[in-house]
Amino acid sequence: REEGEREEGGRGERGIANEEPKRLSREQMFIMISAASLNFGSMVCYSILGPFFPKEAEKKGVSSTIVGFIFGCFALFNFLTSLIMGKYLVQIGAKFMFIAGMFVSGCVTILFGFLHRAPDGPIFIGLCFLVRAMDAIGFAAAATASFSILINAFPQNVATVVGTLEVFTGLGLVLGPPIGGFLYQSFGYEVPFIALGSVMLCMVPLNMIILPNYNSVPKKDSFLKLIVLPKVAILCLNIFGLSSCIAFLDPTMSLFVLEKFKLPVGYVGLVFLALALPYALSSPLLGFLSDKKPSLRKWLLIVGAFLTTLCYFFLGPAPILHIER
């Protein structure tokens with residue numbers, strides 16, 4: 001009888017242990033708030049350029065090709081810096097890297113608001129590249145630290161947590177263009193960057209208080225060993241392709257809408273809602289499905305890539321469709 005009671009007690013304890021991850025502890029809640037503030041703040045600061053910067057750059061004598069490179073250098077430096085930050089994360093510390101990255105990102109966002117005072121031509125272009133690269137370095141540091149902390153705090157539900165946090169990424173992408181467009185239309189070039197960069201800086205002391213310290217465990221495996229794995233290489237290719245599709249619209253969409261439909265700059269930002277809003281709404285659901293039904297992950301990738309390809313055929317539209325532009 002005693003053995004039976006022990007077994008029942010053991011089962012009860014195991015049942016309680018299994019239920020515990022369903023509830024967020026106070027520490028996990030603070031981590032979610034910190035990661036959400038990063039995702040939201042950084043994406044707002046990133047996306048405010050879309051509605052009006054290509055037009056402002058055109059006034060400075062910058063071609064659409066160079067504007068595309070200015071947008072693209074963010075992703076390039078983000079990629080290169082993430083590798084370095086990941087390598088030295090243990091030595092620097094996840095919390096310090098997270099907070100320092102947010103601080104740098106907020107400062108350079110404000111700095112970007114004063115670039116229109118620079119002389120036209122090469123100096124303006126060079127400063128745009130420099131400030132954009134610094135912003136990418138700050139974001140890479142904070143994002144790398146954020147993922148490390150999330151993996152440590154939510155080892156069993158990473159996809160669900162990341163999918164939930166992508167809501168705030170989507171909200172940043174949703175709100176950034178219309179906020180940036182209307183602030184630009186109402187107050188000029190400087191105000192959108194100063195206002196949103198200041199909001200980013202206000203999040204720094206909040207995260208200093210609530211974000212717990214996490215010690216990352218060093219790994220011996222190198223990035224090169226990871227990237228040559230077939231599954232990892234395919235995932236990287238998917239991420240590269242889909243990110244390119246999104247980044248492609250930043251320097252081109254606003255100019256097209258302004259020329260084609262003659263909309264005010266403030267309304268151009270609303271066009272970007274069509275991309276960001278479905279992203280924000282679907283991310284938590286797809287993350288939950290990925291965690292609960294691992295067999296669906298492959299099909300989510302295939303269907304997502306197919307739908308993206310199909311939509312871009314119509315966005316152009318592709319000449320083979322014979323649709324009048």
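Cβ atoms are placed via backbone N, Cα and C, with glycine included.
TrEMBL entries are annotated by machine, without manual review.
As recorded in TrEMBL, the features of this protein are as follows:
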TRANSMEM  29-49  transmembrane segment
DOMAIN    31-325  domain 'Major facilitator superfamily (MFS) profile'
TRANSMEM  61-84  transmembrane segment
TRANSMEM  96-117  transmembrane segment
TRANSMEM  123-151  transmembrane segment
TRANSMEM  158-179  transmembrane segment
TRANSMEM  191-211  transmembrane segment
TRANSMEM  223-249  transmembrane segment
TRANSMEM  265-287  transmembrane segment
TRANSMEM  299-320  transmembrane segment
**Q.** Top partner of the transmembrane segment (191-211) among 29-49, 61-84, 223-249 - counted as Cβ pairs under 8 Å
**A.** 29-49
Q. In terms of Cβ proximity under 8 Å, which residues at least six beyond the ends of the transmembrane segment (223-249) contact it?
A. 50, 71-72, 75, 83, 86-87, 272, 275, 301, 304-305, 308, 312
**Q.** Selection from 29-49, 61-84, 123-151, 158-179, 299-320, the stretch that has most Cβ pairs under 8 A to the transmembrane segment (96-117)
**A.** 123-151
Q | Contacting positions for the transmembrane segment (158-179) when only residues 6+ beyond its ends and CB under 8 Å are counted | A | 32, 35-37, 39-48, 50-51, 150-151, 192, 196, 266, 268-273, 275-277, 279-281, 283-288, 290-291
Q: Give me the stretch from 61-84, 123-151, 299-320 with the greatest number of Cβ pairs under 8 Å to the transmembrane segment (29-49).
A: 123-151
Q: Take every residue in the domain 'Major facilitator superfamily (MFS) profile' (31-325), average their pLDDT values, and give the whole-number result.
A: 82
